[in-house]
Amino acid sequence: MWTGWWLWPLVAVCTADQFRDNAVRLMQSTPVIDGHNDLPWALLKKFNNQLQDPRANLTSLNSTHTNIPKLKAGFVGAQFWSAYTPCDTQNKDSVKRTVEQIDVIQRMCQLYPETFLCVTDSAGIQQAFQEGKVASLVGVEGGHSIDSSLGVLRALYHLGMRYLTLTHSCNTPWADNWLVDTGEDKAQSQGLSSFGQSVVKEMNRLGIIIDLAHVSVATMEAALQLSKAPVIFSHSSAYSLCHHRRNVPDHVLQLVKQTGSLVMVNFYNDYVSCKAEANLSQVADHLDYIKKVAGAGAVGFGGDYDGVSRLPSGLEDVSKYPDLVAELLRRQWTEEEVRGALAENLLRVFKAVEQASDHKQAPGEEPIPLGQLEASCRTKYGYSGTPSLHLQPGSLLASLVTLLLSLCLL
């Protein structure tokens, strides 16, 4: 009965190697499309976006989760790079900052043309696959980047933006963020305001993917019900496995299934295990769970590399994707399901968004009501019958009191 027991560890190693070998084989023909990577933000923080600084060389930069050798080792074939600007830029220089981050992404493609190919559509991703390059797309992380302007939304589209996260971790004047669900922020729009609905419709018209990572549950529900095209969660996980409000609850996963939408699983420990520590197997648990609830077509990868401080053991950087794919194969995912999670699910969603677009339709023109905007530096141009500067709440009352007092003194 115990004959050859000493061979068991060797058999286990061989089996593990076989899963990884199969993962590599699959990824050579179907590389990863990752939904969210914050390398551009890391380049701003470390080098003030100066890519020609020798220290910023992406072939040798080792202080980030992402560099060119790691991307190649991880079989990353397409990346939505995050054009991110923090919430404290809202009502200030968010548009300027966003354009600068888009510029960084485009300069990455110019500086490393042998590695990166900047693309703006699903066909471009497939072209990059054929050329053995990393298709590089722009995802703008946070609705504050459009400064409540459909004109800015369109301008960012023309600069290459192909998804917009409706909020980051702050409300916009037209959409609520996930902190509303924790009680840390107050709901302003009950999901989406009338202008927020106009943003969603204009994104549909243009062919911009709607990203619901970071939004409140009410905003998830409103956008999923309103959008004519599938949406994505570019870097979120399953709420049932980790009760963090950045994750997606089961009833929303059902809406994801009904609409053909996509959840690209985040690797941040706090969203994976709800603890400071996590491991690769727990990330696979989230992938398993979303597949069970929403279907194999609803699963993707959104690692959030270079945007988080803690990553699971076994997924320390972008080179580790083959190990995660090997774990899915070990869990008896079919090759078809794995190819879907790697790339085909995102390509399906992207193509559906493109097909739903209608550039012949008249663009949205209704501006957000001036009273819904904040910050005293806004001018009145285009808004009739208003002061030359948009006054903060209470300022109008103060002005009326001053006027009445002056009349009494006459």
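Glycine residues also receive a Cβ, built from the backbone N, Cα and C atoms like all the rest.
Now, the feature entries from Swiss-Prot:
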type: BINDING; residues: His36, Asp38, Glu141; note: Zn(2+) 1 binding site
type: BINDING; residues: Glu141, His214, His235; note: Zn(2+) 2 binding site
type: BINDING; residues: His168, Arg246, Asp304; note: substrate binding site
type: DISULFID; residues: Cys87-Cys170; note: disulfide bond
type: DISULFID; residues: Cys242-Cys274; note: disulfide bond
type: CARBOHYD; residues: Asn57; note: N-linked glycosylation site
type: CARBOHYD; residues: Asn62; note: N-linked glycosylation site
type: CARBOHYD; residues: Asn279; note: N-linked glycosylation site
type: LIPID; residues: Ser384; note: GPI-anchor amidated serine
type: SIGNAL; residues: 1-16; note: signal peptide
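Sequence features, as recorded in Swiss-Prot, placed on the structure.
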{"residue": "His36", "record": "Zn(2+) 1 binding site", "DSSP (3 states)": "strand"}
{"residue": "Asn57", "record": "N-linked glycosylation site", "DSSP (3 states)": "coil"}
{"residue": "Asn62", "record": "N-linked glycosylation site", "DSSP (3 states)": "coil"}
{"residue": "Glu141", "record": "Zn(2+) 1 binding site", "DSSP (3 states)": "strand"}
{"residue": "His168", "record": "substrate binding site", "DSSP (3 states)": "strand"}
{"residue": "His235", "record": "Zn(2+) 2 binding site", "DSSP (3 states)": "coil"}
{"residue": "Cys242", "record": "disulfide bond", "DSSP (3 states)": "coil"}
{"residue": "Ser384", "record": "GPI-anchor amidated serine", "DSSP (3 states)": "coil"}
Exercise for review: Among the recorded positions His235, Cys242, Asn279, Asp304, report those whose Cα falls within 10 Å of that of His36 (Zn(2+) 1 binding site); none is a fine answer.
Suggested key: His235, Asp304
Review point. When neighbour density is defined as the number of other C-beta atoms within 10 angstroms of a residue's C-beta, which of the binding-site residues His36, His235, Arg246 has the lowest density?
Key: Arg246
Review point. Which residues, in sequence order, are found in the same chain with Cβ within 8 Å of the centroid defined by the Cβ atoms of Glu141, His214, His235 at the Zn(2+) 2 site, excluding those residues themselves?
Key: His36, Ser82, Tyr84, Gly142, Thr165, His168, Asp211, Ala213, Ser234, Ser236, Asp304
Review point. How many Å lie between the Cα of Asp304 (substrate binding site) and the Cα of His235 (Zn(2+) 2 binding site)?
Key: 6
Exercise for review: Quick one: of Cys170, Cys242, which of the disulfide-bonded residues has the smallest count of other CB atoms within 10 A?
Suggested key: Cys170
Study note, to complete from the structure: Those same-chain residues, other than His36, Asp38, Glu141, found with Cβ within 8 Å of the centroid of the Zn(2+) 1-site Cβ atoms are Asn37, Trp41, Phe80, Trp81, Ser82, Tyr84, Gly139, Thr165, Ser234, His235, Asp304, Gly307
Practice item. Select the closest residue to Ser384 (GPI-anchor amidated serine) from the following recorded positions, measuring between CA atoms: Asn62, Glu141, His214. Key: Glu141
Check your understanding: DSSP on Cys274 (disulfide bond), three-state: which is it?
Key -> coil
Study note, to complete from the structure: Keeping only the recorded positions of Asn57, Asn62, Cys87, Cys274 whose C-alpha lies within 10 A of that of Arg246 (substrate binding site) yields none
Exercise for review: Using the recorded substrate site (His168, Arg246, Asp304) as reference, state which further residues of the same chain have their Cβ within 8 Å of the centre of those residues' Cβ atoms, listed in sequence order.
Suggested key: His36, Glu141, Ser169, Ala213, His214, His235, Ser236, Asn266, Tyr268, Gly307
Check your understanding: Got a sec? Which of these binding-site residues, Asp38, Glu141, Asp304, has the most Cβ atoms within 10 Å?
Key -> Glu141
